[in-house]
Structure formats: structure tokens, C-alpha cells
Amino acid sequence: MKSRFSTVDLRAVLAELNASLLGMRVNNVYDVDNKTYLIRLQKPDFKATLLLESGIRIHTTEFEWPKNMMPSSFAMKCRKHLKSRRLVSAKQLGVDRIVDFQFGSDEAAYHLIIELYDRGNIVLTDYEYLILNILRFRTDEADDVKFAVRERYPIDHARAAEPLLTLERLTEVIAAAPKGEVLKRVLNPLLPYGPALIEHCLIESGFSGNAKVDEKLESKDIEKILVCVQRAEDYLRKTSNFNGKGYIIQKREAKPSLDADKPAEDILTYEEFHPFLFSQHLQCPYIEFESFDKAVDEFYSKIEGQKIDLKALQQEKQALKKLDNVRKDHENRLEALQQAQEIDKLKGELIEMNLQIVDRAIQVVRSALANQIDWTEIGVIVKEAQAQGDPVACAIKELKLQTNHVTMLLRNPYLLSEEEDGDGDASIENSDAEAPKGKKKKQKNKQLQKPQKNKPLLVDVDLSLSAYANAKKYYDHKRYAAKKTQRTVEAAEKAFKSAEKKTKQTLKEVQTVTSIQKARKVYWFEKFLWFISSENYLIIGGRDQQQNEIIVKRYLTPGDIYVHADLHGATSCVIKNPTGEPIPPRTLTEAGTMALCYSAAWDARVITSAWWVYHHQVSKTAPTGEYLTTGSFMIRGKKNFLPPSYLMMGFSFLFKVDESCVWRHRGERKVRVQDEDMETLTSCTSELMAEEMEQLEGGDSSEEETEELHGMPGDVELMTQVDQEDIAVHSGRDELSSEDGEAKAVTKDQEPIGEMKEEEEDTFEYPDTTIDLSHLQSQRPLQKLAPREESLNSNDSKSQGRRHLSAKERREMKKKKLPCESGDLEVIEEKDKERESAVHTEAYQNTSKNVAAGQPMKRGQKSKMKKMKEKYKDQDDEDRELIMKLLASAGSNKEEKGKKGKKGKPKDEPVKKPPQKPRGGQRVLDVVKEPPSLQVLAHDLQDLAVDDPHDDKEEHDLDQQGNEENLFDSLTGQPHPEDVLMFAIPICAPYTIMTNYKYKVKLTPGVQKKGKAAKTALNSFMHSKEATAREKDLFRSVKDTDLSRNIPGKVKVSAPNLLHVKRK
């Protein structure tokens, strides 16, 4: 396969570039890899991309080549000097494969020099050819030239054009060439035309394309060769103003097939590209293009895809070759056994035919051995007898006394001597070759011919046996070989069927993986750390400081959210939000988990909080006198801290489904409200609790407590919605400090029913008689709230329930509405002081004190408090805080209390704004205005959704996000059996988003390397009973490098039945 330009190719493409690109200005310079660069050129009505590959090629391209995320230093230097400059000329230096591109004129000119020979090079120089930057530093010792920055590029050292070879010089060259060398190889180093053009000219002059140098070349032949050289020079001149066509020469490869009846398929692959259609290619398949530049672009752009085809073809050939080798091996074994049977049978028959001679020979040798004659003397005696014409001695060909055998040459005595060929000795079979041993024996046995009965045969005769016994021994060998042949045939059939089945499976896998790799589309976000949240938001993060910089500069757009953690190595995460609507809390928490897991917290196993800000709060402008390094940004304004996240990631696969199947998966990752998400929430919470908090497995109330609960009519609604564990959580939550320093304690005082009802109607929008279940999981969205009318209508039935009011709220209400006695007021103020002084004490102790101070405990509460103290006696403050953060138990009630407190204040009293502290419960949506809580806005949105049953939010989002959301809908972790699956993409994301995924494993900090962990997870998926054949094929097609690239550090893999899969 042709891989680089020849001189003819270079001149042809330069002629086309000069005709199309001169006068265009450089828009930008990009690097594809360390050897390939793209120069974007433009003029008012035309744009073009010039591709340069050091040592290989130069051409324009219409294909989209992948560019490096961060431009290299060479590309940056080219941008600095070449950007916005006009391309003035593109010329070849001498006849060497060196191109000089000049950008700009006179002293403002810069030269970009590309070397297309040897290892290649790209050099940027100024107008005096002083090197400003160079791709590959080197020293040319032969010319004493150093290629380095600030050195002068030696343009005068390029190979100059030489006069045509003379007849005398050509004769000398051919005479000095080694005999048998191909003629075009002899001429190629002397001429600048390239082997293809030389071969074409040789064919045109009547030579063979592979003509060799030998003694038969006469003077007239050398003259013909000289004519060939002149023709090649004419072609080279044509390329100076080339405006012809381009040709890609194809190679036809036969695709192997297991079916003999099926016609063989041909695969056409690109082999060469040329500006002319040469004579040697007339019989080959080829593709014609309107220009050579387009032919080269097509050749190199499709070569990668064809490499996949060729690799698959080689794998198929290798698989079929193995099957063919198995078949031939069994055939050779059977043939060797058949021959062994025939030889043993013939030897037995020859011994029977020559009984007297064999018996006589056995007796003579036995007698000599019995007389203790030396073995050497016995040999001498045999030779003397042979010289005298003794028939017995003539039959003995060799004495093998060390093995107690004699080799005899036996003939069929019933055949006339004329029937025996004179060269019978040449076909004598060696009796030692009873069975093939080793590869050499196998090769010899392939050439063995059938033994002929009329030919003499060498037979080994055992001296310890009689002639008949020796014949019987050979017949026994024959019978044993027959049985062995039968067993071999049966085993061969089984082995061949197994090999054939395995080969078919291999061929199928190769074809499937090849088709998947071709269909596989690499999305723009895969170069980053990424995942799609449980609510269909794309979250991307940088792998390093450079990618962090790029993400903020290029991909942080208005409406997006920036998420980070104050830890070393933490990635900068961006939540893409094309609609501009408020990001749900669950997605924010998942992005925070990602920021933490891709930081030093993973290896240190530290649980902490991430934070988020709006896009306009992120800036690269540093304060006066300070400098921001790469990947560092200035955050202006308030940071909104998220709840602490557990270091828990998951590994899974997203399947790309066909467009016809996308409708099945719309809404899989929509923003869910309480009624829709309760089942998912419960299962996910139970899974997390079981895996991470085994100490909280209990919590069921006893029969006595259940009876006590049912015995309290005023608390029926409350107690039937929460278990004792929830009570403990609420008890610990009640005394958590608020943002402004006040302790928002939940009071258990029971107000009179009439007063309760009156305050409820005037002050509160919702009666506090139900338990908000959003604390069960910190990531889930806020639940729906009942409409005001419904809550007002249900006041009578709910007025007996207990409301939890802070001391401040009750104080304000009593000032506003009820004249209270001074004693009662003093009691309330004392309670306030007690709560403020006890902010950081244990939650269940505070709760018990407050209940005791307010009023006597109700029936059953004393025993409950005693059991709660016993259950949580081993918990310290840190453990309790972690549990509270996991369950997010204070989230929704705080917001409700805040709203209630504001409505309870007089209108002329300003609402007190809490200070900005790093708490997950408060998130800012607008920095300019008074910051409403994110949860409050989410409640308002959900209220609208409740009021309008025909919510068209999903359709609105679809219109806003367009193709991007369609893409996310086509990537699913829950493939349907009837889906048409295109390919699979490995994904590493917070484990909470994978609740409904078909395949998933949990990753936590551990000691296993990520490559091995990815293979363990893949092996688990492959052995899953639910895995279909297509899904397994998709798993196999994923490259090993793509599997583990997003896994954070060293991990521990956890999944159901993982140990059972490993044993398999």
C-alpha cells in the first residue's frame, strides 16, 4: 500500500494548490497529532483547509479531521506568525520532496517548509529563512548543517535538477548492478520519477514491469531504457502545470467463506494514488476523480476505515486457516495410520512367503551368538557369505544385535524377476517408520507412496521369535492400527465440528465488531469526563487543568451551572442547560458527587461538600497583582454549597438505539415529582441504606408501640406515615442551627384546638400534619405540594395534628394576635435562650428537654425516648451529621418554616436575610435581586404543574434543545428487547443515576487498578443471564482504552453475584 508522496505526486498537487489557494488568508492553524497540521484558509467567497503531514503528504481536505483539544506549541507559534497572512506562493525546492509555502510579502513574509522524505519535518522561518520553530531538531552531518531555532534553513542544499542520463552513464549503471536485480529498482535511486512512473515507461517500451538485469541485455535494450527515461521526463514536465484527473488504484481481496457452494465475495481496498493512469494499472479496478488533490484526500480519509476492513479480513483468513490446518492434520494422521496398516500387512505376508529363509537366518545368527562370537566378526561372516552368493546371507541387510533384531530384504518369491524393477532398492521402505513422530516425520509421511507388493521390502525380524511369530506380530500391529484409525476418525469428526463451530463464531464476531466499529460515532463530550444526569442534563468535567480551561472558555454558556469542590485535583464540572430553566437539586447533587470523586478526596476517602455557582460568577480575570494559573478561575459572589456526597460511582453502558426506537425511551430521565418517583426513591434508598448504613436496618416499632400509636386519635395521621427511625431522624434534625444563628427547634407544645385552627387559617398556607418524605434521599427532586384550596378545606380534619413552630414564630404571632400573660411570655423567652445555647448538643437529648419543658409527655412517648436513646447511644456528633446529610432530613422543612415565618411577621417589618454560609439548603438563583431559595422556586414550578394537568413542559424542552435532547433520548441504559441497538458507550457516573440501568456495578475507593476493574465489570455484564447476543457483541466491540478512561483512580468493584462470575 502506498503511504507517501513521490516527486510526481508532489509536483501535481502543488500545481493544483497554486491554482486554487494563492491569495487566501490564514484563518487559523490546528494540529491533528504531532505530525499532522491543518491550516484554515479563506477569502470572501471561498474557504479551504490545507492538510500537512510531515514526511507523508500535502493536500486540501473536505473531511472533518479530529483536532487536539489544546494546540501544541508548534501550532501556537504558527498561529502567532501566520494568522491573517496571505498565501503568496507554494513551490518545490529543486527536485527534492521539499515544499516552501510563503505567507506574506517582503520583510513581513514567513515561510513554512515541509519535508516529505525520510522522517520528514516542518520548519517555520522568517523572510530570511531564519528558523523560528521546527518540528524535529536534527543535524545533517554529511552537509554539516544544523536544523535548530535561530539557525538558517539551507534552501540551497536541496537536490538540484540534473541533466538526463547519457547512454554511457546508463550502460555503466546497468553493468554495475547485481545480476537478477529488478530493473526499476536499479533506476529508481538515480531518477526523481518514482517506481510507478518508471515501470509504466518500461512497459510502454516493451519491457516487463518486473524486468530484471541479466546478461541478455544488449545495447539495443539499453537504448530502449534510455527512451524510457526520456518519457518519464516528459511526464514530469506535464506536472508543472497539471490540471488533469486523479486516480485511486484498488486491490481486490477475496473474502473467505465456510460455504463451498457460496460464491466468494470480493473486497476492494485502496492500494495507490496517481495523477496518471499508468499501464500496469489498466487491468486493476480504479476510481477516477476530477482532480488529483481530491483523489489524495479521499485516499487518506478512507484509509483508516479500510484498515478496519483489512484487519477483519486477516482475522477471518486466520480463523479459516486454523480450521484448514485442523482438517489437514486429521487427514495426515488417518493417511499415516492407513499406510501403517498396509505396510504391517505386507511385512507379515512377506515373512510367510519366505518362511525358510527367515527361519534359517534366525538360526544362523542365534548360533553365532550362542558361540559367543563377537558382533563385529558376525558382520564380517555375513558379508563373506554374501560374497559367495548364499541366499540367506544375501537376504540379511543389517544386523541390529543391540535390539536383538535382524533387518532382511524380503521379496515375493512367486513373481518373475522381470516383474521386479531394477531400481527396486530406491523404493525400499524403512521398517522403522511405523508411526509419524514429530513434525519431520509428518512432513516425510506426506510424501510416502503406497507400498507395492512386487517391490522388495526391508523387514525387521525379532531373533527371539520364530518366523511365524514375527508374522503374527506384524498382523497384530495391523489390527491395532485399524482400531486406532477408527478411534481417530471418530475423534476427528468431533474435533473438526468443534473447530468449525468455533470458526463460524469467530467469523461472526469479527463481522459484527467491524460493523459496530464503523457505526460507532464519537460524540464531542466524550473527550471530557461526562455523564447524563438522572434528569437528562449533560454534565462534563475536565480530565486535567487544560481541559478545565477549555470547558470554561468554550462550553460554559449562559444558563449553565459551574460545579467545583475545594479539593486538590477536583475537576471543573459544567451542567449544560440549553433551556435556561432552574437546574433540579438532584442533578446539582450528582454533579457535586462527580466533582468530589475526581479529586484527591477519592484516594484520601474524605467525604465533604461541593458547591455551585452561575456561569456569570466564573471569571478568568484575577484581582490586581495576582495571577491565575491554567485551570484556575475567579469566583465572584456567593458559593452555593451542596450536601456532602458519598464517594460512590457506578460503571455501566449506554446503548445507542435506532431512531425508530427512540420513542420507547423518551421520559426515562425526566424531572420526576413525588407521586411518579416514590417507588424509585424507596428502592434506591433501601439499597443505599443496606449497603452503607447497616446500623440503621432496624427501626420497626413493636406491637405495644403500634397499639399506643393507634390509641392517640390526634396523632393518627402523623404516626401512620412515619416509623420510629424517622422520628429519631426528625428529633436529631429539629435542633440543627439555622443560617442566621438561631436554632429552629421543633416545638411539641400542644395548643388549644380553637387557637390552633385560627392561627392556621390566618398565618399558614399548608397545615403541618404530614411528613415530607424528601429527606429519604438528598438527590431526589422536591415533592408536589397540595393546592391551597385543598389544604384549607381539610383544616377541620387536620386541626388536631401537631404543628411544629419555632419560639420566634410563636412569639411574633402572640404579639400580633393574642394578649398573653407575662408569665407565659417569660416561659417562652426562657425556652428561646435554652435553644440558642444548645445548638450543637445531641439532637435527641435536646428534643427530650424541650418536650419536658413545654408540657408532660404523652402516653408512650417516654418509652419511645428511652428506646431511641438506647438505639443511638453509640453515635457521636460526626456520625449523626453524616446520617443527616445522607438523608437530607432538614431540607424541605427549613424552607417551609422560612415561608411560614415570613408570613407571620408584620408587613412593615423587613424580612431578615440570612448570612451566606456554606450550606446545601440555600442556593441562589439571582444575585442581583433578593435571593429566593431554589427549593421555593421548584415548589412554585410544581404548583403550576399541579394546577395545569396538561403540562407541555416536555414538549417545550424538546423544541428548545432540539437535536441534543434527541441524542440523549437515543442513549439509554434500559434497552428494550425489541430495540435496534447500534453501539454501546461505557459510562462512569454517580451510582445514584444508575438505579434503573440494566447493567451496573458500584465503584468505591479501593486498591484495584481501573483497567482490571473495567474488565471485571465487563465480564460481569457478559455473564449476565439477561444479556442478549447483540448486547454481548456491543460489549466486545468497545476498545479497552475506552472502558477504563473515566474510572477515578483505584477502585473496589461491587455488584450482585460478582464473586460467582469471577469463579467462572
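Every residue gets a Cβ built from N, Cα and C, even glycine.
Record note: of Ser701, Ser737, Ser797, Swiss-Prot gives the feature phosphoserine to Ser737, with no matching annotation on the rest.
Of the residues Ser240, Ser417, Ser778, Ser1037, Swiss-Prot records the annotation phosphoserine for Ser417. Residue ranges 481-512, 897-928 are listed, and Swiss-Prot annotates 481-512 among them as coiled coil. Taking DSSP states H, G and I as helix and E and B as strand, the compositional bias 'Basic residues' (859-870) has 10 helix, 0 strand, 2 coil.
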